[in-house]
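The next block holds one structure in the form of structure tokens; read it before the comments.
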Amino acid sequence: QWLSDRKKRALQKKDVDIRRRIELIQDFEMPTVSTKIKVSRDGQYIMAVGTYKPRVRCFDTYQLSQKFERCLDSEVITFEILSDDYSKIVFLQCGRFVEFHSQHGHYYKTRIPKFGRDFSYHYPSCDLYFVGASSEVYRLNLEQGRFLNSLQTEASESNVCDINPVHFLFAMGTAEGKVECWDPRTRNRVGLLDCALSSVTADTEIEGLPSISALKFDGALNMAVGTSTGQVLLYDLRSSNPLIVKDHHYGLPIKSIQFQHQLDLIISADSRIIKMWNKDTGKIFTSMEPEHDINDVCLYPNSGMLMTANEAPKMNIYYIPVLGPAPKWCSFLDNLTEELEENPESTVYDDYKFVTRKDLENLGLAHLIGSSLLRAYMHGFFMDIRLYHKAKMMANPFAYEEYRREKIRQKIEETRAQRVQLKKLPKVNKELALKLIEEEGEDQQFSKKRKQKNMPSLLKDDRFKVMFENPDFQVDEQSEEFRLLNPLVSKISEKRKRKLKILEELEAQGQEEEEEPEGKASDAESSESSDDEKGWVEEVRKQRKLLRQEEKLKRQERLKEDQQTLLKPQFFEIKEGEEFRSFKDSAKKQKLMKKTLEDRLKLEEKLGTLNVSDTTVGSKQATFKLKKSEQQRKQQEAEKRHRQERKTLRRSASHLKSRRGRGQLFH
């Protein structure tokens, strides 16, 4: 951009890349923004709509120039070419207007009841199906010239629609994340897909309910659905589950979906990126990120050409030879790409050197910032390569000597690498690291002989890096677990080394690894394995015996320490209102609290404070007696004695009365 015209002309003479930088279609642009772009069925005309002012432009590919331009009253949401050429076009505009154009220009204009967002043309019945900010799908018959009964859906709003080109099934994507399929012949709904639920997978993060933003049929059975959260779902119409879910990982609505049949690719685009991926495996083929936001993508039929409508005046044209040949109106692109592959040329920036501000300070050229000798670019500057070499020679005249010393040092390092190198062991778990290094060396030798892939090393794995750096992960060889497991580990390593040795002998003798070694039958191997097991069991028993002896010695030492220690008296404060009995009660309570519920219930049953009995239903019934305090117990005993005394007094009084009565009667 900052090159002068004279420099550009010189570059065009010298640089093949600039000389071949051609403009396929003259003035292929819009005044401000382009929103939609389509190709006619005969492939001769490319039509695009944009702003400002709202307009439509038609480009003739045979003439490689613009054919006509028509201005409109309001912005175009989408449009459809009904004929093979540009003679019949329908525009859906933002003011609820539907405008029809013929070959000569404007033909007719009408309105729909609600704001429209998309429409599709049903060829067998000449019906236009409009979807938008309504639960109804409006039908306009172009043969009769009138509106027909609308389709009543369950959706609150609809965003996109499409008609299958084979069996003419009508599908519409709703704001609730569902796809409704209708049969135009019976005007009944025949299917419902919940794409919002299927788009949420384990590795996707979404915010809000995914609505349908793009819809495209492929053949009779396949359908691709794009969501507002950046996922593309590929469906087979015979199944309600998606075949594959592809996430753009940008969280932006999918704007366009196209099918490329030669390589079985799906071309999906949001406002930031265009992705091409295999529809069977989901593997990315390639991706493109234009400079400006994308509004629409159009794939030229049966070719490798791709056109985009952007948030910029210029509409981009991409040619990818792998996708297919160039269109017949620009077949010279194939020859140009072949020559470019054969003769790679230098870039425009070969005469310039990119330097940062720090590089300029090192060269002593910081005072040139702001002058014409430096061109600001990103985080640095472009400067002439000749000026850079001169400044570097003046700043460092001994650069060649440094280069020579660096080369000599590299040669010495290469010779050192051929010598025997000492392997540095980590600070933590040195024994384990040494063992892993030895095993890795044995595995590498064995895999080289058998031509197998080497397994990844534990020492180089980031997941286990902390085990050789953090002292908390140090293996305690004196612990009980290590001493019990060590015999088993050592036996396994010995068995593994013996097996490797046997396999090496088999290979040396030219035998297959499935055959048994000569002079050793299978029963001999089984007896050997049983001997190994016996030896391991004996070693474990020996370690257990040593552990028990060590534990016994520790207990004796603790007992001696307890006997030698002098117990100091401890004083405890009794709270007001409490009565001191003994320390045994608190100790009993603590022991009782440590016991399980079952043990406590058994103890309560023995003491008589708990009674457990079976009921008629088959369940258990437990009766508890609350423990009473000492004061309550004394009071109850006093009351009991008082009742007994009164009872004896009443008995004696009644006895005296009876005797007195009998005496009077006798008298």
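Placed from the backbone N, Cα and C atoms, the Cβ positions cover glycine too.
TrEMBL lists 507-517 with the feature compositional bias 'Acidic residues'.
Per TrEMBL, the feature compositional bias 'Basic and acidic residues' maps to 627-642.
The feature compositional bias 'Basic residues' is assigned by TrEMBL to 643-667.
Look at TrEMBL and you will find 1-343 tagged as domain 'Nucleolar protein 10-like N-terminal'.
Per TrEMBL, the feature domain 'Nucleolar protein 10-like second' maps to 348-396. Per-residue pLDDT, averaged along the domain 'Nucleolar protein 10-like second' (348-396), amounts to 83 for this model.
The DSSP breakdown of the domain 'NUC153' (461-487), given as helix, strand and coil counts, is 18 helix, 0 strand, 9 coil. Look at TrEMBL and you will find 461-487 tagged as domain 'NUC153'.
Residues or ranges marked as region 'Disordered' in TrEMBL: 507-536 (among others).
Per TrEMBL, the feature region 'Disordered' maps to 614-667 (among others).
The list of residues near the domain 'NUC153' (461-487) in space but at least 6 beyond its ends in sequence, with Cβ under 8 angstroms from a Cβ of it, reads 426-429, 431-433, 536, 539-540, 543-544, 546-547.
Across the range of the domain 'Nucleolar protein 10-like second' (348-396), the DSSP-based residue counts are 25 helix, 14 strand, 10 coil.
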